[in-house]
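For reference, the structure discussed in these notes is given below.
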Amino acid sequence: MDEATAKSGTEQDGLTPVKPPEAELLVVTGMSGAGRSTASDALEDHGWYVVDNLPPQMLGTLAEIVSHAPKSIPKLAVVVDVRSKDLFTDIQTALGALSASGITFRVLFLDANDDVLVRRFEQGRRPHPLQGGGRILDGIGIEREVLRELREHADVVLDTSEFNVHGLATAITELFSDTGPVTLRLNVMSFGFKYGLPVDANFVADARFIPNPHWVPQLRPHTGLDEDVSDYVLGAEGVQEFVDRYVRALEPVLDGYRQENKHYATLAVGCTGGKHRSVAVAMELSKRLAQYPRVTVTTTHRDLGRE
């Protein structure tokens, strides 16, 4: 993992998970170009309600509103930065008012080396919000001075100089996710080929090589959710080997998805009508894949009942 600094009271080397207080309010700030947008996206992926570019004077009002609906918005992240121009000068006053009112919060400060920030602005072909008619580096210098006191009092200072987008998202996950390391949500979906391929499928497994229960009169009215049909499908020659090999083949792919900070994937299992074979195989694959670490499996049957 890329290096970062997590500071809680005193600065420490490496990433230390930050134990959340009772009130889940996180103020996200830091240098322009240090990755606030990526951090916001990562927080949203883990259930945080994110408000971007909020004037600091509105922090107390928003926190008060959310405090009356903790079940609706249990985790609130507010992004405040120099884009609010003159309004940002009141940030310390606003944070002091939060503390005085008894609202518990944390401050995440994202930072990066000047040369890295300059390169990111140049690559994005965007001016620094404070550079005016000067250079990007001039704007960075002004911003550092404006944010100096805020950085000194931040609960977490995260240096993103060595991070790419995925590395930063992973760091945010480790620091602020209730579940810790990245969890992949895998939806195993049965479907019928005659109704078309699922447009959101990352993988497609074809179960049409299995003998079709449709041609067995006593099984035809039932579905792959019924035990008799499931036993017939999963007991057919080659099916268990197919399932075993498919699960093994997916293991490095799912590991890679997590490393790339991908949170969602869909495995589609198809047969002709989506009633018998694909349903039974999807259920078996779901059971096997649910044993993977940090994989949450759901099962859906797109075309079941469509006939």
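Just so it is clear, glycine is given a Cβ too, placed from its N, Cα and C backbone atoms.
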Notebook entry, point to check: Which is it, of 1-21, 127-147, that Swiss-Prot names as region 'Disordered'?
Noted result: 1-21
Item checked: In three-state DSSP terms, the structure that Val82 (GTP binding site) belongs to -> helix
Checklist line | Distance, Arg83 (GTP binding site) to Gly33 (ATP binding site) (CA atoms, angstrom) | finding: 12
Checklist line | Any further residue of that chain within 8 Å (Cβ to the Cβ centroid of Gly30, Met31, Ser32, Gly33, Ala34, Gly35, Arg36, Ser37) of the recorded ATP site | finding: Ala39, Asp81, Leu110, Ala112, Leu117, Thr160
Next item on the list: Give the helix, strand or coil assignment DSSP yields for Met31 (ATP binding site).
Entry: coil
Next item on the list: Would you mind pulling the DSSP three-state label for Ser37 (ATP binding site)?
Entry: helix
Next item on the list: Ten-angstrom check, please: count other Cβ atoms within 10 Å of the Cβ of Ser32 (ATP binding site), all chains counted.
Entry: 24
